[in-house]
């Protein structure tokens, strides 16, 4: 019998990816609405809290599949005009739109807009929860070609190197200067998610968790389960790592990785109803929704207040936040898609005219 996972990896489009991203963006809104203290009883470190690590894993997974499909093999295939234009229009332009809106709203509400060295990482003038993810995406554009070429030539060495760099970064960041004065330089640094990114690239070759190639993932999964449980539900803590993100570090990333693998392999094909299609649509628009929610929660409007106890008001507030962020995010996604489609058609038309221009 043929391996279903192998067949899945041969598919050009994996709907399971959009389902995962849709669930993750839902989780992001919930986390930014409901206090952690109220979520602990739901075991949220094992589901909602894994949203961004899953986004990072999928980032590495999707980019690697795309590069392989395009036949890219060298740095010259990446660092060229076509690659830069494609990444700029797809990832950077939406950020610049939200950045401009952030600046205008900051001036309008007479807030003190942020301008400093962190602006180079596109920290918004009026920042909000999750702004660090924007910085990580921009660093990913520059770093991925190096990782990909390294991975194609020396896959094991790439994994080991990424884990070593990730651990070293965590150890060096565990100080008051980084955690207080330069906190964004920690949260917005791709190095703290480097191992998750590498794991996403690794599983593009084989999804079978019990294969010899992936044996270390099963071991890592058990380690991550125990680590998250100890960090969040006991008095034990790993003092060597920064305290604020201990259950979302290099030692925990095997857990969300296995969630990704199991979803891709075993997501029921019959779940294709209206709800699944809507979740997949949210997944397609998840980047735009994420950008919108940064701005929305940064405004600190009444419905973004965090409640101290479970109540009807909390659920109504969460519902409003979901409707606003999903609605505006989807509008932003479709508008951006339409503009980029028109821009591509215009450029294609110009190239056609230039090619067919009479020589006389």
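The backbone N, Cα and C atoms fix where each Cβ goes, and this holds for glycine too.
Record features, source TrEMBL:
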type: DOMAIN; residues: 15-328; note: domain 'Acyltransferase 3'
type: TRANSMEM; residues: 12-34; note: transmembrane segment
type: TRANSMEM; residues: 46-64; note: transmembrane segment
type: TRANSMEM; residues: 91-110; note: transmembrane segment
type: TRANSMEM; residues: 130-149; note: transmembrane segment
type: TRANSMEM; residues: 156-172; note: transmembrane segment
type: TRANSMEM; residues: 184-203; note: transmembrane segment
type: TRANSMEM; residues: 215-230; note: transmembrane segment
type: TRANSMEM; residues: 250-267; note: transmembrane segment
type: TRANSMEM; residues: 279-299; note: transmembrane segment
type: TRANSMEM; residues: 311-334; note: transmembrane segment
Outside the transmembrane segment (46-64), at least 6 residues beyond either end, the same-chain residues with a Cβ under 8 Å of its Cβ set are 17, 20-21, 24-25, 27-28, 30-31, 39, 130, 133, 136-137, 140, 144, 147-148, 151, 193, 196-201, 203-204, 228, 247-248, 252-253, 255-257, 259-260, 286
Considering pairs 6 or more residues apart, do the transmembrane segment (184-203) and the transmembrane segment (279-299) have at least three CB pairs under 8 Å? no
| said: Let me check one thing: do the transmembrane segment (250-267) and the transmembrane segment (12-34) come into contact, meaning three or more Cβ pairs under 8 Å with sequence separation of at least 6? | reply: yes
